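Please read the structure below before turning to the comments.
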Amino acid sequence: MAIPAQYQEISVEGLPALSERMQTEGHRFVQVLAVNTEAGIDVQYTFMKDGVLEVFTIKGVTPEIPIPSITDRFIAAFVFENEIHDLFGVNVRDIAIDFGGNFYVTAQPSPMTIISPAQKAAREKAKKAAAAKAERARQAAAANASFVTSHPDAKGKVAGVAPSANAEDIELKMAGADPEKIARVKAALAAKAKRAEAEAQAARPQVYDEALEAKLSAMDPEKAAKVRAAMAAKAKLSGMEPEKAQAVRGALANEAKMESQRATGQATAQQQAELDAKLAQLDPEKAAKVRAALDARARQETAQAEHDEKVAVLEERLKNMDPEKAAKVRAAFEEKQRQAQENEKAGE
């Protein structure tokens, strides 16, 4: 069952009053997240009470705009506020536990806001392709209108540049014509169809997926490059024999998992040392609450990662399955995951 949610836009100036009201009314803090947009960063604050989520968004935040921390009311928010500061460059002030830009070890500042030259070129290429397509449609419409004007007996809703060019129409129109001329016309039509098919095939790998590019632009450049490499590998696998492709997929998955574990271990050790140093300066009771909040978040992230991995494996297996059967399997999987989440909440 979907959780009901209410959405509202707020100003930076209204954030302290909102935080105070949420605490006074007994709301539970859920998360703070950021979304990179062309107008700036959208910062979302989510709270929950009586099973209803309330989401408040500050739109178009730039690095020059200071955002007051809400950790004076909700201490668990320090994790998220350090995160959006390091990854998106949001200027959060007065965080109770401030890592000073060292919460994440990044190759460059604000990596989630970077749009690489390749991504920018892809967007411009997509715009040019759309403009060219519109121009071709305009020219086709003009040519079609000219054809209808010069052929009074033609139907008013001709769909192309010329009347239907299927084989039967051509045979009827050319009945009685010189055989050599008929052969030349047929050869020209066949060559035209072959060229159109070749152009479509060549354009297919270059189709621009705006939603995917938006996700990749929000990633660390190194991670985005790995995702693109994985997509290229997947495209090559589609032409392999099923057994060989499956073996290659397994090897790639194991390699990616091991690399992720190595990277996570290195980052975790350094972050844990920094966190321990920070917590050692706090009151023991407050430090215990912070550790509990971090542990809860770690469990959530681990569960989400496991769920995403299961979904990826399932979708890979469903590709060659009958659509109706695949839908049933997918529904059963989602129901099983939902029940597992409910059981976990009940156990807590």
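Even glycines carry a Cβ here, placed using N, Cα and C.
Automatic, uncurated: that is what TrEMBL annotation is.
Listed features, source TrEMBL:
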DOMAIN    20-93  domain 'NADH:ubiquinone oxidoreductase 30kDa subunit'
REGION    253-272  region 'Disordered'
COMPBIAS  263-272  compositional bias 'Low complexity'
REGION    293-348  region 'Disordered'
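Taken together, the residues in the domain 'NADH:ubiquinone oxidoreductase 30kDa subunit' (20-93) have a mean pLDDT of 95 on the 0 to 100 scale. Sorting the domain 'NADH:ubiquinone oxidoreductase 30kDa subunit' (20-93) by DSSP state (H, G, I as helix; E, B as strand; all else coil) yields 19 helix, 36 strand, 19 coil. Across the region 'Disordered' (293-348), DSSP assigns 51 helix, 0 strand, 5 coil.
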